[in-house]
């Protein structure tokens, strides 16, 4: 069944979603903060997602008044989402965030920001995915989290395509925190590989990282099973094992004394700092990532610290 969809944010992921939904027969409007006219004319997002031609049914605009669909997907970074929502009246009845992070200004996740600034029903689209895979039509499975299961079921049906399969949950807290916290572990995994510690160390880090993720999420009210699903373990496996991940690449760069440039899109960095302040010793990997990123410790020191923690049962 075709529908009208607005996608707000023309980065790689927002563009990929716009392409796949237009290919599935939906009428899609993609809002770009800049460069909308060029993308509309060239039928391609050369800067963010080159090589993927826009299908018919996909319109690009820079005019917010063109966003009139009842359902909109927010493909904006967590750290800019709150300000955008606060300053932008949107008519959509349902707002689905695609961001994975925690807003450092408020401590809220994306759906919390939606609830604070709008009257729309908030939902979260998250899970193991790279924009290039979605745009290429490669099989991908994601989690659609919505506190209202009836709304979630409608969205699940509407937003699933032949190549993009959605599973739904009402555990919004677990889905959000899984996506946010795995970015922190991905930075650490990149640092481990960048420092030459090998795949065994990465496997240990991922496993203990999942334990930390689950502990923090359950403490916040999540169901532990959510963290072993697509939005937790699934995303963790993908993000910690591929240099397509910005967070993983950021960790690699940190370990090698380099930078990636724009820290704004490294969601795991902001999340690590927030989690380190809030939970401290309860999440030592996050604290270590924050210390590494802020220049307070190097990888060797952090590895020594983590391996010299008191022994305990798994």
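Numbers here mean position along the shown chain, with the first residue as 1.
Every residue, even glycine, has its Cβ placed from backbone N, Cα and C.
Keep in mind that TrEMBL annotations are predicted by a computer and have not been checked by a curator.
Under DSSP, residue 182 (active site, proton acceptor) is assigned to a helix (H, G or I) in the three-state scheme. For residue 182 (active site, proton acceptor), the count of additional Cβ atoms within 10 Å of its Cβ stands at 33 [all protein chains shown]. Taken from TrEMBL, the feature active site, proton acceptor applies to 182.
Annotation source TrEMBL lists NAD(+) binding site at 9, 10, 11, 12, 13, 14, 131, 246. Annotation for residue 13 (NAD(+) binding site): spatial neighbours 75, 98, 129, 131, 134, criterion Cβ-Cβ under 8 Å with sequence separation of six or more. DSSP classifies residue 13 (NAD(+) binding site) as helix under the three-state reduction.
Here TrEMBL flags 13, 33, 100, 131, 246 as NADPH binding site. Classification of residue 33 (NADPH binding site) by DSSP places it in coil, neither helical nor stranded. For residue 33 (NADPH binding site), the same-chain residues 6+ apart in sequence whose C-beta sits under 8 angstroms from its C-beta are 9, 10, 62.
Cβ environment of residue 247 (substrate binding site): 183, 184, 186, 187, 190, 239, 266, 267, 268, 269 lie under 8 Å away, each six or more residues apart in the same chain. Following the DSSP three-state reduction, the secondary structure of residue 247 (substrate binding site) is helix. Residues or ranges marked as substrate binding site by TrEMBL: 100, 246, 247.
Marked as sn-glycerol 3-phosphate binding site by TrEMBL: 100, 127, 129, 182, 235, 245, 246, 247. Within 10 Å of the C-beta of residue 127 (sn-glycerol 3-phosphate binding site) we count 25 further C-beta atoms, all protein chains included.
TrEMBL lists 7-150 with the feature domain 'Glycerol-3-phosphate dehydrogenase NAD-dependent N-terminal'.
The feature domain 'Glycerol-3-phosphate dehydrogenase NAD-dependent C-terminal' is assigned by TrEMBL to 171-302.
Cα of residue 12 (NAD(+) binding site) to Cα of residue 182 (active site, proton acceptor): a span of 20 Å. The binding-site residues 100, 246 differ in how many other CB atoms lie within 10 Å of their CB, and the one with the most is 100. Long-range Cβ neighbours of residue 14 (NAD(+) binding site) (same chain, at least 6 residues apart, Cβ-Cβ under 8 Å): 7, 8, 30, 73, 75, 76, 98.
Taking CA atoms as the reference points, residue 182 (active site, proton acceptor) and residue 246 (NAD(+) binding site) are 12 Å apart. Sequence-distant neighbours of residue 235 (sn-glycerol 3-phosphate binding site) (same chain, 6+ residues apart, CB-CB distance under 8 A): 100, 126, 127, 128, 178, 179, 182. Comparing the binding-site residues 9, 11 on other C-beta atoms within 10 angstroms of each C-beta gives the minimum for 11.
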